[in-house]
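What TrEMBL says about this one:
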type: TRANSMEM; residues: 40-63; note: transmembrane segment
type: DOMAIN; residues: 41-453; note: domain 'Major facilitator superfamily (MFS) profile'
type: TRANSMEM; residues: 137-156; note: transmembrane segment
type: TRANSMEM; residues: 197-220; note: transmembrane segment
type: TRANSMEM; residues: 226-247; note: transmembrane segment
type: TRANSMEM; residues: 267-287; note: transmembrane segment
type: TRANSMEM; residues: 307-328; note: transmembrane segment
type: TRANSMEM; residues: 340-359; note: transmembrane segment
type: TRANSMEM; residues: 365-390; note: transmembrane segment
type: TRANSMEM; residues: 402-425; note: transmembrane segment
type: TRANSMEM; residues: 431-451; note: transmembrane segment
type: REGION; residues: 511-531; note: region 'Disordered'
Amino acid sequence: MDTGGSSGLAKSAAVKLSEMGERTKQFGNAMKAPDHQRRIILVIVCVALLLDNMLYMVIVPIIPDYLADLELEQAEHVHLVIHPNSSINSTMSSAQAKSNRDNLDVQIGVLFASKAILQLLVNPLSGTFIDRVGYDIPLLIGLTVMFFSTCIFAFAENYATLFFARSLQGLGSAFADTSGIAMIADKYTEESERSKALGIALAFISFGSLVAPPFGGILYEFAGKRVPFIVLAVVCLIDGILLLTVIKPFSNRTRDNMPVGTPIYKLMVDPYIAVVAGALTVCNIPLAFLEPTIANWMESTMHSTKWEMGLCWLPAFFPHVLGVYMTVKLASKYPNLQWFYGALGMVIIGASSCTVPACKTFGQLIAPLCGICFGIALVDTALLPTLAFLVDVRHVSVYGSVYALADISYSVAYAMGPIVAGNIVHNYGFVQLNLGMGLVNVLYAPALLLLRNVCQMKPSYSERDNLLVDDDEPEGLYDTMKMEERKGKKKGYSSAGNCLPVVVVDENGGFDPFRAKTRASSDESSGPEYS
């Protein structure tokens, strides 16, 4: 036996294993770095938001055709039971056909709205839950629920099961969307970085919403109903596994030291937050109301083909991304004009919405739809970071409830859309629907003037400073610092970045009950940064 050769091979294998172990250790250390952690978290959240919006929109080309087939199968079954010796009459009366079509429209409208309605009901509870336990576990809960709802969609064989799956998706969205956006706001504390990260998340939301109909339609046409949902379920499973392995939500103990976040009902009565929430609802009404109505209008006025009706929203993805990019760049240079970007977006949405009924061809229709999505990008990208900043300076820096409120704003628009829009078109017409939506956006835009001085706010000038008395028990980091300031143990505040306050404190300044850790600042900075 050649023991020398085997010994050499053993040593070589040991060296390789040692090198692999060292590389794994280096990779693990690199993954623990704050910058790498933030990027991975951003990827996980963006994939979750992409999945949620693809699930929301992928059924647009699938469900109407699928429900029509189910209706026909049920009609054939009933006819065969009643008249077993005769064939079904293919030329049903016009009255019966109209009744079946109206019933199908109602079923589709209720099915589409069920997700947003349940999301609207659950969001107040999910926001409070996120404030209490942190962001990672609710995100995992949301991804798990979305995975099961997608699997149920894939194998559903009747309307009741589809309705249950759609409603279950709303439950998952209430946890995944809110905790994901709140996690981004929490990890990116500097205002320009926060705007950029939220802008990337909004781009994924837009991409998911706009690419899902052609994605679902093509796979449904060539591979069947189940394949689109199975693909999305697999991606959801991979995202959940990545969350478990990288963030490790059940090993995190820092949430034991989290301060108590401001209750959602108190955030709702904050005038600045209320104005932002109203703007988020109003700006999304045209998109929510057009999605269930524009296909029938295109068919009746333009005689559009199925592929045109399915692809009419896809070109709008590019101006939406352009709007996100422009707003992030402008906000980094002129942060005091965030309110103006939002107001300008609402005016663009209003003008574009009023232009839709004047379009006579598919090519003409692309322009106002692109304008609507461009305006929505301006409003969302400007106002979502503003919500986090308002919580920082006026409340406690815990973001679950405030982004639950933002999700409620979206859900109000999308819950009304499939039900209200159809009735408005039926009773008043498609032109009146668009003119009304455009007018509401233009009239609401001046309300954002209330936010023009928000960027100048600092914690020391917050209204909460006047409400906090010495006898109160400090609640969260901000109140603790105010108490310390009044006891003479605090040196002061300064501002850093564009408009995000940076706290300068003494030897206790490194204590952060929300993070239970410190982050040392550089020698040239004025003090430790709260993150």
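Glycine is no exception: its Cβ is also placed from the backbone N, Cα and C atoms.
Remember, TrEMBL labels are computer predictions, not curated facts.
Here the transmembrane segment (340-359) does not lie next to the transmembrane segment (137-156) in space: the count of CB pairs under 8 Å, restricted to residues six or more apart, is fewer than 3. Sequence-distant contacts of the transmembrane segment (365-390) (same chain, at least 6 residues past either end, Cβ-Cβ under 8 Å): 181, 185, 191, 194-195, 198-199, 202, 206, 210, 270, 272-273, 276, 279-280, 283-284, 286-287, 290, 298, 302, 312-313, 315-324, 326-328, 331, 338-339, 341-342, 344-349, 351-353, 355-356, 359, 399, 402-403, 405-406, 441, 451, 454-455, 457, 499-500. Across the candidate stretches 40-63, 197-220, 226-247, 267-287, 307-328, the maximum count of CB pairs under 8 A to the transmembrane segment (402-425) is reached by 267-287.
Only residues 6 or more beyond the boundaries of the transmembrane segment (431-451), in the same chain, are considered here, and those with a CB under 8 A from a CB of the stretch are 271-272, 275-276, 278-279, 282-283, 285-286, 289-290, 293, 338-340, 342-344, 346-347, 349-354, 356-357, 375, 386, 421, 424-425. Regional average pLDDT for the domain 'Major facilitator superfamily (MFS) profile' (41-453) in the model is 83. Remark: the transmembrane segment (307-328) contacts the transmembrane segment (197-220), by the rule of 3 or more CB pairs under 8 A.
Of the ranges 40-63, 197-220, 226-247, 267-287, the one with the most Cβ pairs under 8 Å to the transmembrane segment (137-156) is 226-247. Taking Cβ pairs closer than 8 Å, the transmembrane segment (197-220) reaches residues 38, 42, 45-47, 49-62, 65, 180-181, 184-185, 187-188, 227-228, 231, 306, 310-311, 313-314, 316-317, 320-321, 324-325, 327-328, 373, 377, 380-381, 384-385 in its own chain, all 6 or more past its ends.
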